[in-house]
Amino acid sequence: MNDVWQSDWSMMAPEWIVLAAAIALLVMDLALPSDRSRRPLAWGAAAAAALAMIATAAMIPAGSASILHDTFRLDAFAKAFKFILLAGGALALLLVAEWAPKEGSPHRGEFVYMMLFALLGAMMMASSGDLLTLFVSLELLSVSSYILAGLRKTAPASNEAALKYVINGGIATAIMLFGMSYVFGLTGTTNLGGIARRLQETNEPYMLALAFLLLLIGVSFKLATVPFHMWAPDVYEGAPVPATAFFAVVSKTAGFALLLRLLVTIFAAAPSEGRDPSSLLLSMQPIITVLAGLTMIIGSVVALRQRSLKRLLAYSGIAHAGYLLAGFAAMSWAMIDSLWMYLLVYTLMNIGAFAIIAHIVNETGSDDLDGLAGLYRHRPFLAAALGLFLLSLAGIPGTAGFIAKLHIFIGLVVTEPGHYVLAAVMAITTVISYVYYFNLIVQLFFRPTFTAPLGRLPAGLSTAVVLCALGTLAIGWAPGLAYDMLAQFGHFGDFLP
């Protein structure tokens, strides 16, 4: 117990900031009259997330360390992923500030602090060094997300989204917990470093493989990869737009942090059946490759027929999860850099797109594709910004999305010849995605307007759009900025315990 109190709690400064802000805003929400706007609470939460991001950046020069008996790790991996999580959380909270559902907004206060609690869970996942802290952090993120999905309490679509999210999330949690129980049974410890060391001496390759598959299935539910993706379009469509944006970027980033922290740490050196390959993680690459290919194909093809903007971006997100999973299939130290860069770019272009969609939904009450028609004629800035985000999502040369995809593509073709097919699938599905992204661009610039002109973009959405556009342009035109940031993190050289 004395060791716990003597720990360096300043290592958790970003988490303390987010937790303190969430509790303070919860109390303020209870104290404010019910007819008082909760908009300032959202701005305060965004400021707290930005402050936590500054605290995280201030810790970058420090070396790797751990507290609480190695259950909480502050290494370069944790700092880098927290940076993305906090950036995505702050931008999503700006969308909450301007959320104006047609049912009214009596629950906006809950929206703000529940998003902060979800963000706290995601941050803890990135720093977890133990199965117990991983699981508790995952549940904090998951339960908060279920509430966010159902906050439009009088909207049937929101209630349906929350129910589907709870059911699928519960199944994923049960499967993952089952896999963790196998790992604990084989090693007798929950510490990730201890598990990795003891698994090198185990002679139960089949039990190990089963544990790996159970954990992979559980994480795949969270990432919405095929065939565990069916919940995502319905949840994205029914949830409030700011919550959808949060799920699309923060939850996905946290999921990949979990995938890397859990599976790579534990199974990178674990033995498999036979002598070649000797690593269980390497022996499972064919399965991961198939999942990645199917995810890219189904996400891209099904997106072609969508009329709802939120469902379209949901299937687009499934395809992007496939691109990221392809990087995981060709895992190397350089690929971890590529995955981090891809998630950073994905956060910027996705939040920017959702900010504009949030404005369209606020103004028209619908997220139908026709809401984009002729937007350039009366809101040229919005049309240009959304066009930029769509081009980047498509991976057009000269954009940040192209740089991010190129890194993963190169990683696939240089690791081993077996990944050439996966690289070809990535290239083909990227071309398929041009169809639905350019369909949206045609709507923006070349179709007549079917609805009344949109009002001016509110301050919160304007801030989010401008920041995302500047970030997307900066990385697209000067990718060295992202490389310099990766150099600050030491290219994750201290990732393994």
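Cβ atoms are placed via backbone N, Cα and C, with glycine included.
These figures come from a predicted structure and were not determined experimentally.
Residues annotated as transmembrane segment in Swiss-Prot, with sequence analysis given as evidence: 12-32 (among others). Sequence-distant contacts of the transmembrane segment (12-32), counting only residues of its own chain at least 6 positions beyond either end whose CB sits under 8 Å from a CB of the stretch, comprise 38, 41, 44-45, 48-49, 51-53, 55-56, 59, 67, 72, 82, 86, 109-110, 112-113, 116-117, 119-120, 123-124.
The transmembrane segment annotation in Swiss-Prot covers 40-60 (among others) and rests on sequence analysis. Away from its own ends, the transmembrane segment (40-60) comes close to residues 11, 13-15, 17-18, 20-22, 25, 28-29, 74, 76, 79, 82-83, 86-87, 89-91, 93-94, 96-97, 108-109, 111-113, 115-116, 119, 123, 460, 488-489 of its chain (Cβ-Cβ under 8 Å, at least six residues beyond either end).
What Swiss-Prot records for 80-100 (among others) is transmembrane segment. Long-range contacts of the transmembrane segment (80-100) within its own chain (CB-CB distance under 8 A, at least 6 residues past either end) are made by residues 14, 39, 42-43, 45-46, 49-50, 52-53, 56-57, 108, 111-112, 115-116, 119, 122-123, 126-127, 240-242, 245-246, 249-250, 253-254, 257, 340, 343-344, 347, 351, 354-355, 358-359, 362, 458-461, 463-464, 467-468, 486, 489, 492.
If you look up Swiss-Prot, you'll see 116-136 (among others) marked as transmembrane segment.
Taking Cβ pairs closer than 8 Å, the transmembrane segment (166-186) reaches residues 131, 135, 138-139, 142, 145-146, 195, 198-199, 202, 204, 207-208, 210-215, 217-222, 228, 230-231, 266 in its own chain, all 6 or more past its ends. Residues or ranges marked as transmembrane segment in Swiss-Prot: 166-186 (among others).
What Swiss-Prot records for 208-228 (among others) is transmembrane segment.
Here Swiss-Prot flags 240-260 (among others) as transmembrane segment.
As annotated by Swiss-Prot, transmembrane segment applies to 284-304 (among others).
Per Swiss-Prot, transmembrane segment is recorded for 316-336 (among others), and the stated evidence type is sequence analysis.
The feature transmembrane segment is assigned by Swiss-Prot to 341-361 (among others).
Under the heading transmembrane segment, Swiss-Prot lists 383-403 (among others), citing sequence analysis as support. Only residues 6 or more beyond the boundaries of the transmembrane segment (383-403), in the same chain, are considered here, and those with a CB under 8 A from a CB of the stretch are 316, 320, 341, 345-346, 348-350, 352-353, 356, 372, 375-376, 430, 433-434, 437-438, 440-441, 444-445, 465, 468-469, 471-477, 479, 482.
Among the features that Swiss-Prot reports, transmembrane segment is placed at 457-477 (among others), with the record citing sequence analysis.
Proximity of the transmembrane segment (316-336) to the transmembrane segment (240-260) is established through 3 or more Cβ-Cβ distances under 8 Å for residue pairs spaced 6 or more apart. Taking residue pairs at least 6 apart in sequence, the transmembrane segment (457-477) and the transmembrane segment (240-260) share fewer than three C-beta contacts under 8 angstroms.
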